[in-house]
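Visitor: Residues or ranges marked as transmembrane segment in TrEMBL: 145-165, 177-195, 207-225, 255-276, 283-304, 343-363, 375-395, 415-433, 440-462, 474-497. Residues or ranges marked as domain 'STAS' in TrEMBL: 525-646.
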Amino acid sequence: MSGRVADVEWKDSDTNSLPSFHQTDDLTYVHKVEKPPKQDLLKEIKTGLKETFLSDDPLKPFKGQSKKRKLVLGFQTLFPILEWDRDYSFSKFKGDLIAGCTIASLCIPQDIGYAKLANLDAQYGLYSSFVPPLIYAFMGSSRDIAIGPVAVVSLLLGTLLRQELDPVTQKHDYERLAFTATFFAGVTQFTLGFFRLGFLIDFLSHAAIVGFMGGAAVTIALQQLKGLFGIKDFTKKTDIISVMRSVVQSAHHGWNWQTLLIGVSFLIFLLVAKFIGKKNKKLFWVPAIAPLISVIISTFSVFITRADKEGVQIVRHIEQGINPSSAHEIFFNGPFLAKGFKIGVIAGLIALTEAVAIGRTFASMKDYQIDGNKEMVALGSMNIVGSLTSCYVATGSFSRSAVNYMAGCNTAVSNIVMSIIVLLTLYVITPLFKYTPNAILASIIISAVVGLIDLDAAILLWKIDKFDFVACMGAFFGVIFASVEIGLLIAVAISFGKILLQVTRPRTAVLGKIPRTSVYRNVEQYPGATRVPGVLIIKVDSAIYFSNSNYIKERILRWLRDEEESFKDQPKVQYLIVDMSPVTDIDTSGIHALEELYGGLQKKDVQLILTNPGQTVLDKLHAANFVDLIGEDKIFLSVADAVLTFAPKMEQA
């Protein structure tokens, strides 16, 4: 296909440097879109697999290296601590030491409270801030993330476990199931990282995560009303209606005023401390040490007044000593194996999503890169080892990571410092927590989860994308009015629903010419763009697959009908130009849809013209003989070339 389109005076004397045009004197011809060179099938498959699983080219540093150097690089890849320890200095250690001590003061009271969220004894929370951070420090690639139990995962795990076993009457089996779930959470995370399948967690949209986290924060706060008010008989359900009914029904006889006084007063203190730290970044240490100060003061107050004899519920006993082995406790067979696997996969994915999001956030703030797949391997490894040492699912904590960042951490050594302090706590300090009131733990948890409710993000979602806002609210209300797992299910369903909607109902648009240019754009976006008389130009903004091919065909025909009805006084449409620039791929169903479109247009005496199909698309169109069907002279490099050929007066206007 070649046709004379315009007179052009070339100012460049080297006309041979312009191979995309055939020239004769001063006549410029439209570039012919030829059949692309045949691709090597093996190379194409190899490229596709590489882009899917090895898009970051992790093997590049190994190329051209000696065997000894490759071995060193291999160990550094598996243990990033070996890479940066060569440049480690005392000044960096001072920053890590201060950060580690600061996050330890925050994590110790939080861990005790989070363990109760998971319906486990308090020491299991401390165990989970000792072993997992040590493993992560050696294997993780983030310098700022602080590892340990988190509120959302603790609540999720506790809710799912309690559906299978009672944490009081079946305590031992409950703990075993918790270790089993933690083991499979680690296996899930490790598998995703090892096989480089990290892209799967991106299917849970940001909007759904915002809603789920916000709903979980509200649910967690509501659950703490039991400890805050000193209620003994409290509902086991997590939905807001059941919780509020339980609180109201116990108002006359179930509330303990001493407990309420302790809980509310220290909650106000913690929220004020958090406000101070937020207003003045230099005072980050105030909200960091406030929980530990609250625990010390409240514990001492209860001890000297013996308020526990007046109905104030206390922690009573925390097991002293280092993590005992739990390898023999994991269910590797029997009916609880499948249940542990299911719970572990769900908890592992949520923990993974939270940790990767936190790691990426702080990495961007310090302008360095983290390897998502390496993070998954590190998180999986620490949870597998943790499950063997009496830990439950640990992950990155946003509140602790923020404190870690503001305290001036330089490397993951801050996690090692925190672990050592937790170890000393387990050996020496745990007996001192005996008189710690449950109300103070409830206050600490409530103040911690307040930050998970991101109103600014929800407002931004409303402004940018109403569908994202619906997804956010669906997950939010699903959690608070039903349950954590229902909210999670809604979040996943809405995320996949959005993907399916975008895939099955891609955008199409009518294009018009921007005045005094050869550029064609959406007439709705650019009202000044003019339509070409006798020509309808449609752009398809998606790959054409079996899932959307019929819709695209029918939508294009509907555009044609609408055009003819709306512009009856103008020349009848003779040419339908389909701009395929955004069409990245096409399958057999898509090609069949184009064939049907071509047949339908032939009956209407309308010519089908394609512009700028990509290499993959064009190769498949040739393989299916579709190009022979419509003719090679009906495929152009650009919309402007097509209009130059079939409506030259319009293009030159």
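Each Cβ is built from the backbone N, Cα and C atoms, and glycine gets one as well.
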Visitor: For the domain 'STAS' (525-646), how many residues does DSSP put in helix, in strand and in coil?
Guide: 59 helix, 21 strand, 42 coil
Visitor: So which of 177-195, 255-276, 474-497 has the most C-beta pairs under 8 Å when paired with the transmembrane segment (207-225)?
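Guide: Going through each listed stretch, the top one turns out to be 474-497.
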Visitor: Considering only Cβ pairs within less than 8 angstroms, which of the stretches 145-165, 255-276, 440-462, 474-497 has the most against the transmembrane segment (283-304)?
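Guide: By the under-8 Å Cβ criterion, the transmembrane segment (283-304) pairs most with 255-276.
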Visitor: Below 8 angstroms Cβ to Cβ, which residues of this chain, lying six or more residues outside the transmembrane segment (177-195), approach it?
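Guide: Distal contacts: 53, 118, 120, 124, 157, 160-161, 164-165, 201, 326, 329-331, 336-337, 339-341, 343-345, 347-349, 351-352, 372-388, 390-393.
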Visitor: What stretch, picked from 343-363, 375-395, 415-433, has the most CB pairs under 8 A with the transmembrane segment (474-497)?
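Guide: Comparing 343-363, 375-395, 415-433 against the transmembrane segment (474-497), the winner is 343-363.
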Visitor: Between the stretches 343-363, 375-395, 440-462, which one has more Cβ pairs under 8 Å with the transmembrane segment (145-165) than any other?
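Guide: Against the transmembrane segment (145-165), the leading stretch is 343-363.
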Visitor: Taking 3+ C-beta pairs under 8 angstroms (sequence gap of 6 or more) as contact, is the transmembrane segment (255-276) in contact with the transmembrane segment (440-462)?
Guide: yes
Visitor: What else in the chain is close to the transmembrane segment (375-395), if you only count residues 6 or more beyond its ends and a Cβ gap under 8 Å?
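Guide: For the transmembrane segment (375-395), the sequence-distant neighbours (Cβ-Cβ under 8 Å, at least 6 residues beyond its ends) are 115, 118, 120, 124, 127-133, 135-136, 139-142, 147-150, 153-154, 157, 178-183, 185-194, 198, 323-327, 330, 344, 347-348, 351-352, 354-356, 359.
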